[in-house]
């Protein structure tokens, strides 16, 4: 049945709906029967708070397994015809008990795969109205005996009197009602205040990974693709958008309500379903192929959306050519939201973003922020092909979505910025390093992995999935060549369009396309065999290089492990390939710039003939491989000498690899740290971003181990001596005058990072400069009640550091001013900078106050989405490590009370609070919290935090005193 033949009843508040609405509102925490639709906090506090049913109580995690949550496979959806009526306050009159609820009616066309007498759908925190449910097959009505809800399993079951037969076509009609909550899942509320002080609320959906079931009873698994026809009934004065283009213009007005209808989508997974109801405004453009492109935002932010529009149009045009597949929808909307749980979400045709991920104004956004927006736009638009057009079958292959999108975003952002080389190089800093760090610990997981618990679905959205996935794809592209890689990807997308795929499907297409690349055995490489080694087992190799004789080097491999005593999860412990890999080996010999490639096979060492085994030899030249290198003492000496004599023999990418791998080798006791510091002596001649940035990262990692101990001072002095030549070349004035020049991107960011590093190391010269800017431009120019974006005229790259060191050096008087600016500010990015500055305070009492206010859900001081960032702000403070750990132990119930319903937020707070652990006693406290803390066992972040903390404590035992003596002697 088509939508034209349907009877619409949602405009009428039926008695049964009124009863259900009253029940829902009464049941919602913070709502009462007497709710009005006036825009007060209490009136729309539809918050969800964790309870025993949600979490399994204190002693045990009895949440359902992933298998329990799976739907029976006896029914398959073909299409959904969905109508939703949203009751938003502040626009039209409606019964107060309807405030911040929505009525829903869905007609699901299905086909029976196996005979059955029941239909099971996913449903969570919405109430199905049995009296408004109907099942028909052709012109025959079938009796529904009962409707059973299974809240723990997030399912609703329709028991049918007569058996449904194989291949039978059926139409299930379901009426239901739900809450527009503040849980960031399903249809939720996003709030903001207009410039005249008027509070506003909008309704928007977020359904990935498993929250479409909060919005509509459906088959909420990626493999159940179907066409969606959406109609939204919304208050007069608002606009509605959905995945498809509108088919009735601005909608049909009936009294106080508007009915907006949208074009049926292509076949897609339920998690991509999206709607929004708001009074946002848009700017519009069009691609060369006629795709209408709109950017939506709060009206007062519309002037900041031009860069996103230009970037989006440029990117989608490029992708159509790059993938050789036209964008299949008639329009693409992108929306900047005040409240949003992720950075962005790739809903097909209606991408949602946090405001700080889409808005842009060069007065307030530094070059790095601008690049981040280009990357996120490119990432989400890549998803329109990777994820939307072709979708993984199940979340155990999420990397097919996210790894590919992370990989492709750097290609797309290269087109947006017109600087492909910059994006490829930045990949090393922001993606490859992140992946190597995440995959070095025992709490990692393979790219393709078995999901056993429901919580693991959300936990799969991590650095392994995103960063390692992208890094492995980058290595594969370098191995087979860009054209073959692009062609294989295009063929994969075409073959599985509007369908689902697994990793094996991807590699099978590569096998068809890639037939002439020599593999490790000298025969044509089979991509399936090669790639599976990197996707089905966790970890990565470190290649050890040793001199075998005067003309031969011996290369061997082993798994790189941050802590060899840590134990993997049982299901990852015995992989098929035994933690061995066939490794494409790029290398450089002596003082030659030529890069050669060979293979190190997984089952045998490589004896490599070289012209002079006594010459320096570098592995992973240009750093496209997902592995590390190590050398014997003599090998490192030769590399160090080459860097001192002529470091430009190696490209900046190769120098980046050498420095990173040296720090990594020292961290696992493979070499002495003195070797690393000797290597860094060449840095006084270094001017390139990639090597210096990774050097500063390594230095920072060491200094974190010293914390605020007295021994930290000589260490800081030593590190300042290494960076002093670059600091003397860096200038705040140069940054302020040139940051808008995109060609100076790396130069600007390098100078800024060096200056900030010097400040962090305790340089009074640096801190005084920032403090003077704070006094001159903030304290002297900002009047009471002004927002920072109204009164602070500091160059965008400097704003965050000026605020931070203003508070750090100025104390309470500066903190009070920043607090005032923070309260008045409406630009999300500026608010982030100001909140970070509050975390820079030297007073622990002030830091505690910041966290307590952040957790207070009766206050709007910190938006819920920003709570993890507030914890990270405090954790970044050198004095915050011990304090924030104690805060976690003592205030765990408060943390759960505040954000316990957002699993991913708690997963981010735990590592922030444990990043400063320095003793075994603290580890024991953490283990006790994991075992006995309310609901703590459900959070996988504890295992990771305990492992990293143990690594940190072990490092301190092994290296602290020795390095303290070294730094003291070196700085006498």
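Numbers run from 1 along the shown chain.
Using the three backbone atoms N, Cα and C, a Cβ is placed for every residue, glycine included.
Here Swiss-Prot flags 18-39 as transmembrane segment.
Along the topological domain 'Extracellular' (40-972), the predicted structure has mean pLDDT 95. The topological domain 'Extracellular' annotation in Swiss-Prot covers 40-972, and the record cites sequence analysis as its basis.
Sequence annotations record features per position, and here Swiss-Prot assigns region 'Disordered' to 47-66.
Look at Swiss-Prot and you will find 47-62 tagged as compositional bias 'Basic and acidic residues'.
The N-linked glycosylation site annotation in Swiss-Prot covers 99 (among others).
The C-beta environment of residue 345 (substrate binding site), restricted to residues of the same chain at least 6 apart in sequence and closer than 8 Å, consists of 206, 208, 274, 351, 352, 353, 380. According to Swiss-Prot, the feature substrate binding site maps to 208, 343, 344, 345, 346, 347, an assignment based on similarity to another entry.
In the three-state DSSP assignment, the secondary structure recorded for residue 227 (N-linked glycosylation site) is strand. The N-linked glycosylation site annotation in Swiss-Prot covers 227 (among others) and rests on sequence analysis.
In the three-state DSSP scheme, residue 383 (Zn(2+) binding site) falls into the helix class. Sequence-distant neighbours of residue 383 (Zn(2+) binding site) (same chain, six or more apart, CB under 8 Å from its CB) are 346, 401, 405, listed in sequence order. If you look up Swiss-Prot, you'll see 379, 383, 402 marked as Zn(2+) binding site.
Cβ neighbour count for residue 380 (active site, proton acceptor): 28 (other Cβ atoms within 10 Å of its Cβ, all protein chains included). Taken from Swiss-Prot, the feature active site, proton acceptor covers 380.
Among the features that Swiss-Prot reports, site 'Transition state stabilizer' is placed at 466, with the record citing similarity to another entry. Residue 466 (site 'Transition state stabilizer') is surrounded by 24 other CB atoms, counting those within 10 A of its CB over all protein chains shown.
According to Swiss-Prot, the feature N-linked glycosylation site maps to 549 (among others). In the three-state DSSP scheme, residue 549 (N-linked glycosylation site) falls into the strand class.
Within 10 Å of the C-beta atom of residue 766 (disulfide bond) sit 23 other C-beta atoms, taking all shown protein chains into account. Feature annotation from Swiss-Prot assigns disulfide bond to 759-766 (among others).
Annotation comment: Swiss-Prot describes 804-840 (among others) as disulfide bond, evidence class similarity to another entry. Sequence-distant contacts of residue 804 (disulfide bond), defined by Cβ-Cβ distance under 8 angstroms and a gap of at least six in the same chain, are 770, 836, 837, 840. Classification of residue 804 (disulfide bond) by DSSP places it within a helix.
In three-state terms derived from DSSP, residue 858 (N-linked glycosylation site) belongs to neither a helical nor a strand segment and is classed as coil. Within 10 Å of the Cβ of residue 858 (N-linked glycosylation site) there are 10 other Cβ atoms, across all protein chains. Residues annotated as N-linked glycosylation site in Swiss-Prot, with sequence analysis given as evidence: 858 (among others).
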Note: among recorded positions 99, 227, 347, 549, least Cβ-dense neighbourhood at 10 Å is 549
Residue from 99, 347, 402, 466, 766 whose C-alpha is spatially nearest that of residue 858 (N-linked glycosylation site), among the recorded positions | 99
Specify the secondary structure state of residue 840 (disulfide bond) as given by DSSP, simplified to three classes.
-> coil
For residue 99 (N-linked glycosylation site), which DSSP three-state class applies?
-> coil
DSSP state at residue 345 (substrate binding site), helix/strand/coil | strand
If you tally other C-beta atoms within 10 angstroms for each of the recorded positions 344, 759, 840, the top scorer is 840
State the Cα to Cα distance, in Å, between residue 227 (N-linked glycosylation site) and residue 347 (substrate binding site), rounded to an integer.
-> 14
Hey, how far is residue 549 (N-linked glycosylation site) from residue 99 (N-linked glycosylation site), Cα to Cα, in Å?
-> 80
